[in-house]
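Annotated features in Swiss-Prot:
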| type | residues | note |
| --- | --- | --- |
| TRANSMEM | 12-32 | transmembrane segment |
| TRANSMEM | 62-82 | transmembrane segment |
| TRANSMEM | 97-117 | transmembrane segment |
| TRANSMEM | 128-148 | transmembrane segment |
| TRANSMEM | 157-177 | transmembrane segment |
| TRANSMEM | 184-204 | transmembrane segment |
| TRANSMEM | 220-240 | transmembrane segment |
| TRANSMEM | 260-280 | transmembrane segment |
| TRANSMEM | 282-302 | transmembrane segment |
| TRANSMEM | 331-351 | transmembrane segment |
| TRANSMEM | 365-385 | transmembrane segment |
Amino acid sequence: MNNIVHKLKTLVLNEAFGGVLLIVCTLLALLVQNGSFSEHYREFLNLKVGFSVGEFELNKPFLLWINDGLISIFFFAIGLELKKEFLHGDFKNPKNIVLPFMAALGGILIPAMLFALVNIGDAYTLKGWAIPTATDTAFALAILMMCGKHIPSSLKIFLLSLAIFDDVGAILIIAIFYTTKLSIVAFVVAGIAILAMLVLNILGITRKSFYFICSVILWISVLKSGVHATLAGIITAFFIPMQTKNGEAFLEEIYESLKFWLAFVILPLFAFANAGVNLSNIDIGAIFSGVSVGIFLGLFVGKQVGVFLFSYLAIRFKFAALPQGSNLKQLYGVCILTGIGFTMSLFIDGLAYEVSDIFNYADNLAILIASFCSGIWGFIYLKFFAARS
């Protein structure tokens with residue numbers, strides 16, 4: 001995976017700094033929610049924002065605009081990156097796909113199994129099986145960058161590559177398992193929007209306004225269809241042309257223009273809106289409930305075990321190789337960091353249980369504690385026990 005290092009060097013630095021900003025926004029949300037401004041914080045998130053065109057009306061709380069709208073842009077960027085890597089990047093070589101794919105697969109299966117084992121027999125709680133399968137890449141990358149120069153750049157790229165498959169897994173989980181009542185009419189409109197983008201792509205049309213209009217129609221129709229609106233983001237990305245008829249980079253230009261807004265606006269706002277756990281309402285007894293224990297074990301134990309085990313098996317049976325210049329100890333350290341589920345786990349938690357206080361916020365606290373433990377232990381392990389050989 002050598003040639004991808006230089007290509008993503010700037011992205012690594014930006015996402016690392018963005019990760020620090022996420023930490024600040026998380027702490028700020030906790031302080032505001034548990035301080036004298038808690039009422040204003042909740043009013044801000046519940047503020048109704050919307051528009052109407054004729055009989056059509058879309059009116060939702062600001063929190064849902066963030067979780068359904070802004071986060072769709074994040075998945076759109078993931079889709080652009082995925083397409084770029086498969087067509088012209090390292091993923092064009094199937095051998096480079098195996099390690100991050102297997103790592104992501106292990107990081108989904110093992111945490112989900114642990115959560116299910118702890119909560120077997122409780123149908124409602126089992127709805128949250130996907131909560132510990134997620135990784136907050138920006139946070140994990142920020143911690144990895146803090147570990148210093150003795151961590152090979154190839155491991156940073158491995159984490160980014162793993163994140164792509166992890167996010168695709170999250171999209172599939174959301175689309176398949178967390179949907180509500182489906183609307184055929186909305187699906188038809190979504191199909192028309194997709195067909196329009198396909199035609200634009202085939203004709204080589206690279207007017208951004210055309211794709212923007214189609215993507216908005218697709219987003220609204222997917223939102224109304226019952227499938228989570230984030231799916232619209234990655235679908236749109238697949239139809240963005242790689243270049244213009246003159247050979248100028250089109251997809252790359254769009255991707256580069258989004259990076260700043262993702263790192264410094266969208267993801268920090270998402271963290272601020274979702275990390276405000278009301279600690280005063282938490283029932284201490286609920287912390288040791290099945291949902292909390294399942295989330296903690298899934299994130300802190302399941303993620304590192306699953307990612308490392310599946311990675312090791314791929315390497316052991318020669319389907320893949322260790323990232324250049326790294327050793328198994330360092331690889332394991334990165335696997336620990338994948339237990340930082342934070343914003344993505346909170347997001348899936350909201351989809352799974354809808355009523356956020358059903359467990360007296362113990363589920364949210366478990367996500368924060370498990371993510372904190374994964375970050376601290378991962379940093380200590382990489383910094384002091386996994387030095388470069």
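Each residue, glycine too, has its Cβ placed from N, Cα and C.
Where the transmembrane segment (97-117) meets the stretches 62-82, 128-148, 260-280, 282-302, the count of C-beta pairs under 8 angstroms peaks at 282-302.
Long-range Cβ contacts of the transmembrane segment (365-385) within its own chain (Cβ-Cβ under 8 Å, at least 6 residues beyond either end) map to 131-132, 136, 139-140, 143-144, 146-148, 151, 275, 277, 279, 282, 287, 291-293, 295-296, 298-300, 303-304, 329-330, 332-334, 336-342, 345-346, 349.
Here the transmembrane segment (260-280) has Cβ contacts under 8 Å with residues 14-15, 17-18, 21-22, 24-26, 28-30, 32-34, 38, 41, 45, 62-63, 66-67, 70-71, 73-74, 77, 138, 342-343, 346-347, 350, 361, 364-365, 368 of the same chain, all six or more residues outside its ends. The stretch from 157-177, 184-204, 282-302, 331-351 with the most CB pairs below 8 A to the transmembrane segment (128-148) is 331-351. Here the transmembrane segment (157-177) does not touch the transmembrane segment (282-302). Their Cβ atoms form fewer than 3 pairs under 8 Å, with each pair 6 or more residues apart. Between the transmembrane segment (282-302) and the transmembrane segment (220-240) there are fewer than 3 Cβ pairs closer than 8 Å, counting only residues 6 or more apart in sequence, so the two stretches are not in contact.
Within its own chain, the transmembrane segment (331-351) is flanked in space by residues 22, 26, 67, 71, 103, 107, 128, 130-136, 139-140, 143-144, 147, 151, 155, 158-159, 162, 166, 170, 173-174, 178, 228, 267, 270-271, 274-275, 295, 299-304, 307-308, 311, 322-323, 363-364, 367-368, 370-371, 373-375, 377-378, 381-382, 385-386, which lie at least six positions past its ends and keep a Cβ under 8 Å from the stretch.
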